[in-house]
């Protein structure tokens, strides 16, 4: 089909909108996650010392740690300027005190070796974030650089999710859904040296881009958004990074793909799998998944048999493991919403209420007012967020013990608000469109308030400790780079700015919707570059 003059306004509008819906979220997310990277002391994120040591050693050629007599884990060599002193983590599990006791990383007092329990992990993440350590021999600067590199990578993946979600004309509820996806805990992990951040960001990108790609294959859909080739690129990158973030990654890819196919329905799925090009892209993803599985098997990256003192319930039955997980589910959900540090920095209970209300309203509206299919999708998402982690940990509990944390299930938790908003934005939720602008903007305000207060709480924990009143913040015992005051102001401005922009997207009506819609064939799609601008 030839592109006529009457087509060009619609195409130009969509191209401009898709550019904005990537770059604007990316800038906000990059700023917010980078501020999280600066806000807490080095190694205050779970297992960050082990992951940082591996990344530092790996980019210098030591891809797998060495076995050394007397060492429980694989040992990596650290270069001058990066010698590790355990006193850098003196503040762990003492939330009443500040981080002033911590020695400076690489100050010359530490050891040139580190026995790390992640020494054989998949190397892809560590190459992606470890390179800044090659640019400086100052240990603290190198690790902060690694944190920011991870923050930028995760922000790009999250921004691709925002782009896919908001590029459609039917996305009234998705600004709130995506704001809930990119909550404080996700941004906190993104701004750390821990593959868990990449895992959640890649999963968020995969959820949103795959749902949009599947909908693009629905024969009855008249919503022409991003080109299929571009969406396929985003899906492939997200899936491969998710598969290689942690040893369990291939399973998470399968779970998300199966869930997305079930959400969009048989008509779109049949059209999707009837196209020959689908299998080329699937083959590329399969290669990435096979690499992850092969690496884990070859290096025993999933770990061996745990000792009786390593974790609770080592040697327990599957049933006991599942039951223990289900009993602990409320705690895991709290951790997913925001328990920072090495699980030693929870938020005040009243703060959790802000985000729980926003999620709860989305879920209730989707279940009660968006049709039977929406109710089934959201209820299944809730059930999956509870049951899948229980089963995954339960079947491994004899070997690993009970080692699950809420952050491991974040990629399932974020699906609940995302899918609720997605179903409300489809045709079945049209009866509730009159509520969308007001509800979404109130929800965005709650999310913004929650994010800023969570950021302040974490700053307070390390600047003075919870053992002192808030007024002690003006007499800090520890200061992050740039100072806590500037970080808080910047975080507040960025959060409010992001929420306001998303609020405008809620009431946005694409002018192209008023133009006659035409089917778009491969000729037009081929003319659209596979870049964040898309079409």
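Note: Cβ is positioned from N, Cα and C throughout, glycine not excepted.
Small disclaimer: the values here were computed from a predicted structure and weren't measured.
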Between the candidate ranges 98-120, 121-143, 144-166, where does TrEMBL place the transmembrane segment annotation?
144-166
May I ask you to indicate which of 231-248, 249-266, 303-320 is given in TrEMBL as transmembrane segment?
249-266
For the transmembrane segment (144-166), name the stretch out of 21-39, 173-191, 249-266, 374-396, 408-427 with the most CB-CB pairs under 8 Å.
21-39
Other than its close neighbours in sequence, what residues sit by the transmembrane segment (439-462), given a CB gap under 8 Å and a spacing of at least six beyond its ends?
32, 35-36, 39-41, 44, 91, 95, 98-99, 172-173, 175-176, 179-180, 183-184, 187-188, 338, 340-341, 345, 347-348, 351, 354-355, 357-358, 361-362, 365, 470, 473, 478, 480, 484, 487-488, 491-492, 495-496, 498-499, 502-503, 506
Tally Cβ pairs under 8 Å between the transmembrane segment (408-427) and each listed stretch (21-39, 173-191, 249-266, 278-298, 374-396), then give the stretch with the top tally.
173-191
Among the recorded stretches 21-39, 249-266, 349-367, 482-504, which has the greatest number of Cβ pairs closer than 8 Å to the transmembrane segment (173-191)?
21-39
Would you say the transmembrane segment (278-298) and the transmembrane segment (21-39) are in contact under the rule of three or more C-beta pairs closer than 8 Å, pairs 6 or more apart in sequence?
no
